Every structure is written in structure tokens, then in C-alpha cells.
Amino acid sequence: MTSLPKVLFLMGPTASGKTALALDMAEHHNCEIISVDSALIYRGMDIGTAKPTASELARAPHKLIDILDPLESYSAADFRADAVREIEETLSRGKTPLLVGGTMMYFKTLLDGLSPLPSADDAVRAQIAAEVEARGWQALHDELRNIDPVSAERIHPNDPQRLSRAIEVYRISGKTLTELTKIKAESLPYHMVQFAIAPQDRTVLHGLIAKRFQQMLAEGFIGEVETLKARGDLHLELPSMRCVGYRQAWQYLDGEFDHATMVEKAVAATRQLAKRQLTWLRGWPELHWLASGDEGNLDKLVQQSR
């Protein structure tokens, strides 16, 4: 039996029922909710992110939502630092931290730590961009293959962001991305009990995703995106505006396609997100699975987290 303080993870794809289960857990079992969602961090992005409603937040406050303006960026390292602070504060109140969300990279940084990668260097990036202009991405990929064949095998020549970053890391640090990612931060001093919730039938999940997007539209999602566009300082290259649904609604408002196409593209993008989330979870160690909609989920969560 571990003497470490207990921390609960409740993971799952979008639209799987995480919030409802977390609210029940927080209300009845001395838990406090910490959000693990890279979209819920942004203020003014409520409908399209399925942010908990005012009444839900009154039942159980959520930490790490509405902490940034959509213009600001937020890294996995930022999340880890914020989450550890919230976990410690929750434990100090004699409560159990319940981390809920679908941003798997954030959960992974809590479990595995972060590799000590160097910060971006504008001068090195400019040099790489000039070389690409002169020689092309394939030449850069050939260079990566010579210095770091493992990363070159994983990174496609047509993935400029990751390819450029791998070269940049080597030029700044003198170490390859493969070498640095093997170095992990010290593990956190908690006993992590991990759950995932998802429908057993993927077609059910697809139906829930489509239904939820229609509900968002009925609640005024397009108006929400219009308000964000009207600010004048936001654009589609920002991480906030790359959230599923927002990009497609923005492009619709720009006249790039009609309403029906926007709905189709947004639902398809959300399905792709759910597929990636499930892919992460299928390879996740020490995971307790719950079926979406099962009336016994709360009891299972309580019993298996003891």
C-alpha cells in the first residue's frame, strides 16, 4: 500500500461524458477538479470548447479554465507547473485532486516529466529558414538523417515545424532530439490512479460528437466566433484559433465555404481529435476503463480509486 498522496486522472475523448462524471465525483467524494484541456484555458471561448456552464461550476469549481486570453500561448511545461501547484493546494485542503480532460500530452507531462529541450532561438530559426529557401526541406531532412537517424525516421520531410525544431535543438545544444528526449524530469511524488471513459462503440461516439456540435450552434457558437474575429488581433495561426470548430467557423465567416460544409468539416475534425485521443489511451499503462453512459461508473470510480 503506497503512502504517497492520491491523485485521480479521468481521461477520455471529446463528448464521452467526462464532465458529468467528474461533477458527481467532486460533489459526493471530497474531490476538487483540475482541468486538463488546452482549449478550456482560454477566456471568451466557452460554447465551442464545451466549457462547464455557470451552474456546473457552481456545483464544482474547475481549476485551470479561463486563465489566458486567446492571444496568449501556453506550453505543456506551463501546464505542468500550474497543475502541480493546484494539486499541492488541493491536497493541503485535505481534498483529492481529480484531473479531468482530453489533452493527452498534458497528462503525459505529469506522468513522465519534460525533456530538457532548449528554448527557441530566433537567430537559429532565421538561419534554418534561409537554408530551406536556398536548398529545400529535403536537404534539411537529409542533414537530420545524418545527425539523428531515429528522429529522421519519425519526422516526415513534409513536416516543416518538427523538422526545423529537430535541427534547431541540435544546433543550440549540440545534442540530438533523440538524446534529449531520453532525459526525463524527476517523477512527481503522487500515487496516480488513472481512468478513461469512452463509448464501447465508436459509432456512438461519432453520433455524440455530431449532436453536440449542433447543440453548440443552437447555443450561439457562430456568434462567439464572430466576437473573437471582431477583436482584430486574433488570427488562425494562433493555438487558440486552431481548436476544433473555431477554425472551421472562422473560415465559414470568411466565406471560404457554406454553412453545411462548415458543419461537416467541424464534425470531421472533432472525430479526428477523438480518434487521436483514443489512440493515446489504447497504449496508456495502468488504466481503468469506464463505458460512457454506464450508471455504475461513479461507484466503479470510487471503488477502484481506493
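Any Cβ shown, glycine's included, is placed from N, Cα and C.
These features come from Swiss-Prot:
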- G12, P13, T14, A15, S16, G17, K18, T19: ATP binding site (BINDING)
- T14, A15, S16, G17, K18, T19: substrate binding site (BINDING)
- 37-40: region 'Interaction with substrate tRNA' (REGION)
- 161-165: region 'Interaction with substrate tRNA' (REGION)
- 242-247: region 'Interaction with substrate tRNA' (REGION)
- T103: site 'Interaction with substrate tRNA' (SITE)
- R125: site 'Interaction with substrate tRNA' (SITE)
*Within 10 Å of each Cβ, count the other Cβ atoms and name the one among the recorded positions K18, R125 with the highest count.*
K18
_Rounded Cα separation (Å) that holds between T19 (ATP binding site) and T103 (site 'Interaction with substrate tRNA')_ = 14
*Other same-chain residues whose Cβ falls within 8 Å of the Cβ centroid of T14, A15, S16, G17, K18, T19, the recorded substrate site, in sequence order*: G12, P13, A20, A50, G102, I197, L208, S292
*So what sits near T103 (site 'Interaction with substrate tRNA') in its own chain, CB-to-CB under 8 Å and at least six residues off in sequence?*
V36, D37, S38, F79
_Residues flanking the ATP site, with Cβ no more than 8 Å from the Cβ centroid of G12, P13, T14, A15, S16, G17, K18, T19 and excluding those residues themselves_ = G102, I197, A198, S292
*Just name the winner among T14, S16, T19 (the binding-site residues) by count of other CB atoms within 10 A of its CB.*
S16
*Mind giving me a neighbour count for G12 (ATP binding site)? Other Cβ atoms within 10 Å of its Cβ, every protein chain shown.*
26
